[in-house]
């Protein structure tokens, strides 16, 4: 069937073909049936003729009345359909004939039961002439078959006419029916073509419940689905373009040098940082080149030329560098390289991603952090953390070899006077001078450390006898006493009190050794200062030792009798003087005078010396979190923790568990630590601050500014808030130096994304200056005083 025909034409043509075939079969069958009927009638007639001929001819033939026979035959010829008649006697002689030439051979006759057209227009047959059961002759005659032919032709003509009319009517009917049935298909075709051309909103009405209606409904559903998918695809494409733009912008903004290479190791992308790291000319294009070619064309020279072969080696398939390859350049820079295979969504390898990073500064910073982790930031001496490590080694070596060591503890006498009188910069300068002088006294195997504040320690790993330690202690005391110090044109004399504890005589553990060396130092102070003492437990303790033990007992009773209390002071926004949050301050109820409170200045130092400060810090944490739980409208609460708690690795977990137990948002709790304790052991402080941040709490560096050089540590102490030391706030309107210092702190903090708090705000002028300098929050008696039932708790 031709491909160019429409569905309607194909349906009509196919129907006509089927109908023509069926009509042909019908006509043929009708002709056949008609022919059979005519033949049956002919056979019946022949039977009648045979009977008539036998009745008419039997008697004349038996009497040999040939004239009568000829008359009968001549008369029979005139009958309709008799072509000829020949009568033969028993001997085979023709005795009478009509319509047949004499002497002509008679045709072969067929049995009278088989009537058929011989093709000569007649049917030849014969019949025996019988009389009384005796045969007298045979009659041969022919019957015309024209009536059969005429009947057949007439039947075929009529059948063809009827078939033609039927086919014509069927064609018209099928054409109309096909048009009616397929009229919606044309609409579907036009709609499909329009949809294919982009008219995604085209839809067709469903006008029937038949298959065409179902097809129309399916078309509309398909159009809706395709339109939705195309819309989603367009949205995804737009989103992909946006993400691609963001990715390119991100890659361009990254400091990492990025280079993409395809499966043939050809460069398909590199970012500006790659060009900058490798000093590539801006006009040079690397697209389509091998990474090795890019390295060769750089303006950089390798510090180790042999490394060029390693850099030029192509990766073998989807290989990933597990470790960064360090590339040292001749200009002193250090560049690392990493390679990662890139896969598509089908997990098919599509190339490599090369990442180059200039880690020169990071390496220097890491080295500095390593240095700061074990060094005191102000003096450069070892810190408390490194001292403990060295003491652990001392105890381990002494346990194996049986040797003994010594620990010298000392601090500066009346150092607080220098800070209060000449300022903290003078105190810092004094500590640096002392550290420099002591460093010249110690030997290579001895460990000199600053523990914090004005406290120092000197560890002697191997001591032959007590006199060796006493000799070094005497040199230390005399060397510090000879130090020339001048502040504000005023000469000063600094002295130290030093205590000595021997291992293993005075302690078998680090804690015992430190405690006894500290006790010996206070024994030296009791003896008049500027001297040294060996730890001797039998010596009568001085007043300070008695006071310490008395306060230690009072602190124990305060814990037992629940005498600790929290008072609260408001911290306000400097701009509008609205309340931001509260700070919790600890007090002790006096046992003898319950109406009086003992201020923290009288017991915090003792608590730190005796170690009870750790228990007190946990009590403050528990009470503060409980306060936040009982007052959900209170925005936040700040608490102070001791420097001793920085070395407690379990404290952050305790904070987190307490917050969870009371269902308090961690962001409502602000942890304050003093700057001196933080920079005294930078390693522990950094670790503690990071752990507190992981709990969700904020951190604050309290008393900030005790050493101006502490600006450098803000890069490593990731606190959120800086609380400026009150020393710089009390006389701020009248002290130009303090104004410059406070403004500098505010500017640096703001630049680093930190907020600032100023305490000890006691007048309007101070508050106005702090607001002008950009200090974020203020606190002090001018705004409110610490009380137990602060109004913020009532809301």
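Cβ atoms are placed via backbone N, Cα and C, with glycine included.
Here is what TrEMBL says about this protein:
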- 179-231: domain 'HAMP' (DOMAIN)
- 403-537: domain 'GGDEF' (DOMAIN)
- 548-795: domain 'EAL' (DOMAIN)
- 12-31: transmembrane segment (TRANSMEM)
- 160-181: transmembrane segment (TRANSMEM)
Tally of DSSP helical, extended and coil residues in the domain 'HAMP' (179-231): 39 helix, 0 strand, 14 coil
Integer average pLDDT (0 to 100) for the domain 'HAMP' (179-231): 76
Tally of residues which DSSP labels helix, strand or coil - the domain 'GGDEF' (403-537): 57 helix, 38 strand, 40 coil
